[in-house]
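Q: There's a structure below that I have some questions on.
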Amino acid sequence: MAPAVLQKPGVIKDPSIAALFSNKDPEQRYQDLREIGHGSFGAVYFAYDKKNEQTVAIKKMNFSGKQAVEKWNDILKEVSFLNTVVHPHIVDYKACFLKDTTCWLVMEYCIGSAADIVDVLRKGMREVEIAAICSQTLDALRYLHSLKRIHRDIKAGNILLSDHAIVKLADFGSASLVDPAQTFIGTPFFMAPEVILAMDEGHYTDRADIWSLGITCIELAERRPPLFSMNAMSALYHIAQNDPPTLSPIDTSEQPEWSLEFVQFIDKCLRKPAEERMSAEECFRHPFIQRSRPSDTIQELIQRTKNMVLELDNFQYKKMRKLMYLDETEGKEGSEGNGASDDLDFHGNEANSIGRAGDSASSRSASLTSFRSMQSSGGAGLLVSTNTTGAMDNVHGSSGYGNGSSSTTSSARRRPPIPSQMLSSTSTSGVGTMPSHGSVGASITAIAVNPTPSPSEPIPTSQPTSKSESSSILETAHDDPLDTSIRAPVKDLHMPHRAVKERIATLQNHKFATLRSQRIINQEQEEYTKENNMYEQMSKYKHLRQAHHKELQQFEERCALDREQLRVKMDRELEQLTTTYSKEKMRVRCSQNNELDKRKKDIEDGEKKMKKTKNSQNQQQMKLYSAQQLKEYKYNKEAQKTRLRSLNMPRSTYENAMKEVKADLNRVKDARENDFDEKLRAELEDEIVRYRRQQLSNLHQLEEQLDDEDVNVQERQMDTRHGLLSKQHEMTRDLEIQHLNELHAMKKRHLETQHEAESASQNEYTQRQQDELRKKHAMQSRQQPRDLKIQEAQIRKQYRQVVKTQTRQFKLYLTQMVQVVPKDEQKELTSRLKQDQMQKVALLASQYESQIKKMVQDKTVKLESWQEDEQRVLSEKLEKELEELIAYQKKTRATLEEQIKKERTALEERIGTRRAMLEQKIIEEREQMGEMRRLKKEQIRDRHSQERHRLENHFVRTGSTSRSSGGIAPGVGNSSSIQMAM
């Protein structure tokens, strides 16, 4: 379930997301909240669930402030993630509450983490213990990776342990809901190279968790991850550009060599190319994980850690009781000098013991623990991680105290004795923890860790004890407060007796067990409150990288939107152009058809008009010809009549002869008229044939002209469309180049900002280290005069003792010499011996003065030499880290330039390919247009030839028919000969 995009953090409109949260008051359900750790989002608390009667861990996450939206989205992601995953080796999700601007994420309570164990025990784990923890962790990772999820923050601080020796994977605030991912997130020392370079080189997969697991194995084996002596920011650069880390060489006299399976397991987990690493399933099947081991390995490890925590807390309690008792006794005696000496002696022993452990190791261990807690999101709420400074101070302080008391006997003898009942009570196995100085001032309750029962006894659960057990515990607490496993805070010592008993019963009922001492928790809080530390720097750096990634995503979305808008615009332009051209084609073709129809109609009308005119002319000529023939007929008839009359023929014969003459004349007249009519008809037909041929030729020319115009229109439209496509290609090219330039400018700006942040962080780290070293040297310089005075006093004391011894010896020697010399020489001898004695004492004084000067000079030179060596080592270390940073920045800058060059080349190739394809398409369409023009012309020529052939055939058939029929009227049945031909 992806986080919803909300207008205001804390306001939920999606019912599916609202179902994840409860608006009830969590303070009414959970009681006895006590802080047990700090995370990057807030604090983690132990609490008691009154409804379900069980102990839980509550992670309070505030989502107010400048980054409220980002915090709220992260909360939604983590809550949604935990609500969807269920696995025996993943911390159980209980509930989630919203109270004002704080989210209460309730999960199962675990007693500590794997990091707590190595910090408390102050040594690495054995292989069998590492394998047991990794086996259950890999089981959880297999489940996550099968869901295409990436944890992205695997480390010992996020591998929790329950009181039943079950490993629980926690802290999903950095988890990714998709695989692959592309976000810079995680703890620096455990981040895979591809995660560090996520924004520069692309995405990463679930193999990033395998790298973190390999680093975690080294952490469990060596107490701290590789490169931990470096600045956290410098570690990022080192991981990104150097070879993978390996196990450090070990002293075989103290522990056995690492097995080949373990070395190979880490080697396969820490392959720099992600594809060469094992998957979670392959890791789980590795011989190192699958080899046999005792079933109670983790339980025994937890028990040893609990015992150590108990000893450390008891030591803190003893130290506080002794300091309080000594202050009271020295105040009564009023011996200010002795009190100062005793206090100096006590703290001096402690300081010496801690100094033997090594200041650098202690401070680095403290930073490791605090860094673990700060980088985690408070996972499971459970013990986020451990600060080892308290553990180291406690252990060394304990051993140092014993040694110190034997080495400073004179000081110890001046101390008043500590009552035996106090020593006996504080050494009882059931004694609980006592808060350190900070915890007393803050009135924080510290609860002891109850020893884990033996295998024969049932494993304690988080269920409350019975009433009988509670009553017996109350009685014990009332009878002997120092012999209980629970100790009330200082402020509770003044509570009413009944209230104290109720509080003790409540605390006993909750069974608060942890693998961390109270001093560790207090120091973790102090580390968290420091300003400008590496945690804040890393947080700012992560936010910067994530902000850059978010800005890039938004830019890519905007570019995609611009490209889509341009595509829609170009498609719309093409569609509009196509529609316009289709309409234009239809209009042109309609106009051409109309013109053809008009021309055909004009041809028909012209033919009809010509026929009508010609017929009228023929009729007129026929009338004239008939009249002429009639005149000729009359003339011939009169001539014949005159001729016959001249013959004086009988009337009947005359009449018969006249009839024959008239008949002959009529036949001649009719024959001539018929011939003339045939002539006129032939002339008309010839005229019609000429007209039709001429009009058909004109019509064909018109059709060819119109067809050429149609092809020209199509060609013009094609050229216009090609111009539009070229313009759109240029628009697309300009937009892509603009986007690429903006992207490159943004990446360069991001890189410069990132480099500035990295350089500023390195400078701050350098300044902080130099300031700390200067403070340390200043402290040593301020401490040196007191140390020199003490040693000078010791030398002078030795001098006085030697002088006293020599004086006694001189007196004895003088007495002996006086007794053996005469009395008159005694005075002279005494004077000479006294003079010799004075010279010896003066020489001895000179020697002691020289010894003091030499001691002061040696100490000063030695201190200065130490300080110079420390300054030189620190300068070399910081210079090396700065060089690595510069090299890393040069590499990233070169990588970016190479990437920019590749992207520009790729874009130019894409643009060139598109341009070539467009030009090829234009050429092909033009060739198709030319081919279409040629084919159309051929088709028109063929059609016109066929039409002319049909017309001639029609003329032939019509002419033969007319001649055969003879009596058909002119023009009848021939008016549609052109249409028939077409």
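Cβ coordinates come from backbone N, Cα and C, glycine included.
Sharing the record's features from Swiss-Prot:
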DOMAIN    30-289  domain 'Protein kinase'
BINDING   Ile36, Gly37, His38, Gly39, Ser40, Phe41, Gly42, Ala43, Val44, Lys59  ATP binding site
REGION    331-484  region 'Disordered'
COMPBIAS  353-373  compositional bias 'Low complexity'
COMPBIAS  421-431  compositional bias 'Polar residues'
COMPBIAS  459-472  compositional bias 'Low complexity'
REGION    592-620  region 'Disordered'
COMPBIAS  595-608  compositional bias 'Basic and acidic residues'
REGION    751-789  region 'Disordered'
COMPBIAS  759-768  compositional bias 'Polar residues'
COMPBIAS  957-967  compositional bias 'Low complexity'
REGION    957-982  region 'Disordered'
COMPBIAS  973-982  compositional bias 'Polar residues'
Q: How many helix, strand and coil residues does the region 'Disordered' (592-620) contain under DSSP?
A: 29 helix, 0 strand, 0 coil
Q: For the binding-site residues Ile36, Val44, which one has the sparsest Cβ surroundings, going by other Cβ atoms within 10 Å?
A: Ile36
Q: Using Cβ atoms and a strict cutoff of less than 8 Å, what residues sit near the compositional bias 'Polar residues' (759-768) while being 6 or more residues removed from its termini?
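A: Non-local partners: 231, 233-234, 532, 534, 537, 541, 878, 881-882, 885, 889.
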Q: Test of understanding: give the count of other CB atoms lying within 10 angstroms of the CB of His38 (ATP binding site).
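A: Other Cβ atoms found within 10 Å: 23.
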Q: Using DSSP, what is the helix/strand/coil residue split across the region 'Disordered' (751-789)?
A: 39 helix, 0 strand, 0 coil
Q: Could you tell me the mean pLDDT over the domain 'Protein kinase' (30-289), as a whole number?
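A: Averaged over the domain 'Protein kinase' (30-289), the predicted model reaches a pLDDT of 87.
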Q: Tell me the Cβ neighbour count for Gly42 (ATP binding site), meaning other Cβ atoms within 10 Å of its Cβ, over all protein chains shown.
A: 19
Q: Secondary structure at Gly42 (ATP binding site) (DSSP, helix/strand/coil)?
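A: SS state of Gly42 (ATP binding site) = coil.
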